[in-house]
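As structure tokens, the structure follows; a few thoughts come after it.
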């Protein structure tokens, strides 16, 4: 099977699902969104229908439509479109995986099921394998997010021998701060050429030094450019400069975390920064408050993160 | 709207979803299952597609079929069929609620969405209200299970003023050991005639004394008769006898809890006790081990819980 | 060794440690406190230097002095004085146990050490045994409070075979809502005549029906009389009346829990109700706010819990 | 006040408290222990009576003796001796702080009290301030370990304005994987010259890149040399080599973590590697099993971590 011409690396934006004021999906802005990511943020890979995209709050049918729209609009513009196909129901996960292959996505990602939880690593692998088997032509990525799922199987143990069970396995999105586990995933699989994508944006630098080959996150939607500058400094071994960028990004994230920061707030910030209307979130989330949005805007300005957009005009200007 | 002739009370069995060896749903035994519950266990109310029924592991389409089969087979035999229609996706929950009304179920129950969690009681009520609105002819029950959902909104606070928002609200399934919260739900709503159904089978007596009007649980599938004896003793104020029954039940549950007791083990025990093949569970669960099943069987015998079934014959005999 | 003439049963007030405004222990009011408990609350057993008494915030030397003062002032007035001698350091626990025996206390209680936690039940029993051995003449009680200690060893498992290791073992203070565990402690030890004291005041009735023989808690300092009325109704099998008392008590506790309720707030309420100055708490606690105290007072009045004290006069009047 | 001539930086070994077979403190080997750390591990700073030293399992009197022995034996050999003086009781903490100053230690460290927990940052600072005030001549370090204490006050918030309250504040031991919090501690205090010591040995490299100026941990007792090699490579910007060292160390820690790794196991490993008898732990811990010790030894050998000691001879040889 011809696997992706390019290994998945660098920044991957976890896409937001734009919605209209009455909570329906707003497909009409996805084209602009693609252009914005590529031109203004320098981000050319996306992770669709994940946590940031409220994937599990959408119906299976909606997830299919959203996936198609991103693949269609991303054609010849984006490098890779990865579809998160995880679900509590195995059959639904398989349906979404098969669909992702049919529409020509570049890979699928699956979270550990988390209501009735797998008791052992082998059971979890069996579940993941069944999903992977529904899309044998696509690279498979495991989405490790123990704080949200409560599934306490270490990623490093899961990866042990995984190619025997899931030959399409190509890497993981590691959304946790346990860098012993992450480091051992890298260390034990160095010859495999897996993608080790880190999912905790606010401390990406700490994972880069531990061997991360890329990152998936919500902040790359609007801080992609700044983060790419950090990646560049890191690759050029200018670690002092890289740390300055990391601190810069941390000042913003630390600020919003203390106000209460979730998917709703991400949508509000993205609307602010990109000028593209992301709309409100779907229940059970509530739209970000006016105070939050104003505070976040003030903070972004004070940190000079808005230099490449002109909010007053509603135009998107390339920044330095 | 004509609400149920009988308020939902007494025991409600959280039904298991029988499966074939290859994991497909085994609709063919549901008729027997209904007869078994009514005749052998004296249980005439059921809660379909809940945790015990692996509801969230099934596809929406499967949940619809399962709901229909129980309503059909339960006609003129069961008192009430309550369908759990909760889901992470609001639209899917609404679809299931509407379907439950169409097929003539007696009520719907909804769990708090738990991946992206509601941040406040008002948001949670908004979510529940949207589901209730899809089945305005049916009584609505809230399924409170904080240990599994991680949603820390107290039931007593949720109930405060809920009739204004959800006029079809009829009660709750309370699956937690916080009897201050449970007690205050009862205390603050005494004139409402709500159903206060307790969901922690192993300590039902402790909730009966706090005003529980019934119970929903997996053990009523195979310990319904024994539990009904406890309820009777309680109603006749023979609390010493009621406690003896409770301890008897606890000895079994305590035993299996220490071996590891989940939905898989419930399926194995039910197969054992009823003689009806429940089959294996769906991934991400794994079939109960041989050692578990043998140990559980030995314990049931030592506690004399199998006197009303004759396993060797495969027949179901009424017991004393 | 002659064990207590009376088994420890009924209500046991977890005593507060009165302090002066500058945080030193106020021994001078302990005599009044004893008289208040006996005459106004009808409570004649106390549990000294527990959580409510800020025991672990005091130095070993202070704990000794406090224990002595309660034993001295309680002589011929109180039935039993139990000293909590638990500590993170085994030697300090042993010193306090030995001291309790020397001053003629009626029993010692020990919490599971909780910073470095025991990994198994056997290790925990070894620790407890070493403390018990320092006071071989005194009844030994285990203080089970998993939510605070994080030690997940079930009480029912601990009790299994404990008399072989700790012959002075006489019962437990069970501060948790897991009534399967509590029930099985009672069920498995019925012939032993242990004291099964429940430690979650707000749902005491639920434990009474499961076989609790008494209760230890902070609310018995100021709601002892009301709770004794509940115990009496329960013993006379008037469960409807008992439930009314329980709900009455719950309305108050539920109210203060929602405002934030800890040892500081308990001190403020006790000062209010008894008229005896309990003073502020020791760091790391902060005195209850004025708003809290005013709200609590208003609630107590609205629930008619202050009918037996006349706050305006500062006198303590017996109530009905 | 003349503060330490050298800022506390680089590696700090969290010392083990050696014990005899019957659990008493074995002061006689502390002299050897100092020499071993300096000569074989190249570690010249120590952190006494912390978690690794079972500090909270010792009596106050024992903690004083242990502190004195380390200061005495470390004179003219060690650079800095920091005494952990944290306790649940403020008075005991103050006594230990004062004692540390009297014996000429180089600094004190304090953990947040964790049974009755401080509700706000200001209360926590008040507590810490009271301890610092008992040793005004000594640098004060905060020991941040939220996973063990359950105190959820972020270190970055605590540091905000701390010099106004605690003028002797000199830095923190950060034992957590939240590198947003850690990074912001560094970022917000760059001009202060605080010591930012990282406490999660297995991922030290990830904290070095975020600005850590040193580390405190149990592994530096026996992996100090190897870790110093990693620090050197990091300082010389050979990040590839630094990562190789980190992975090497991780392979060992990952291995023992999966077998169950706590203070008891640390004692066994140190005995093995150093040849100095550390003895068993104090209750509530249990001596490491024979299987653990054998497995750990085999793993250390396979990773070539024992090249600088000759266990068979019982001699300590300097390695490369």
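Backbone N, Cα and C define each Cβ position, glycine as well.
Database features, via Swiss-Prot:
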type	residues	note
ACT_SITE	D:143	active site, proton donor
ACT_SITE	D:173	active site, schiff-base intermediate with substrate
BINDING	D:51, D:52, D:175, D:199, D:201, D:202, D:218	aceneuramate binding site
DSSP three-state assignment (helix, strand or coil) for residue D:201 (aceneuramate binding site): helix
Subset of D:51, D:173, D:175, D:199, D:202, D:218 (recorded positions) with C-beta under 8 Å from chain B: none
Cβ-based neighbourhood (8 Å from the centroid) of the aceneuramate site, residues D:51, D:52, D:175, D:199, D:201, D:202, D:218 excluded: D:14, D:200, D:216, D:217, D:219
Chain C, Cβ under 8 Å: which of the binding-site residues D:51, D:52, D:175, D:201 qualify: D:51
Cβ under 8 Å to chain A, applied to recorded positions D:51, D:52, D:173, D:199, D:201, D:218: none
Intrachain C-beta neighbours of the residue listed as 'active site, proton donor', sequence separation six or more, cut-off 8 angstroms: D:50, D:84, D:86, D:109, D:110, D:111, D:112, D:172, D:173, D:175
Nonlocal neighbours by CB distance (under 8 Å) for residue D:202 (aceneuramate binding site), same chain, sequence gap 6 or more: D:219, D:249, D:250, D:253, D:254, D:257
Cβ-Cβ distance under 8 Å to residue D:51 (aceneuramate binding site), same chain, at least six residues away: D:14, D:145, D:148, D:263
Assigned conformation of residue D:218 (aceneuramate binding site) - DSSP reduced to three states: coil
For aceneuramate: widest Cα to Cα gap among D:51, D:52, D:175, D:199, D:201, D:202, D:218 in Å: 17
Cβ atoms near the residue listed as 'active site, schiff-base intermediate with substrate' (within 10 Å, other residues, all chains): 28
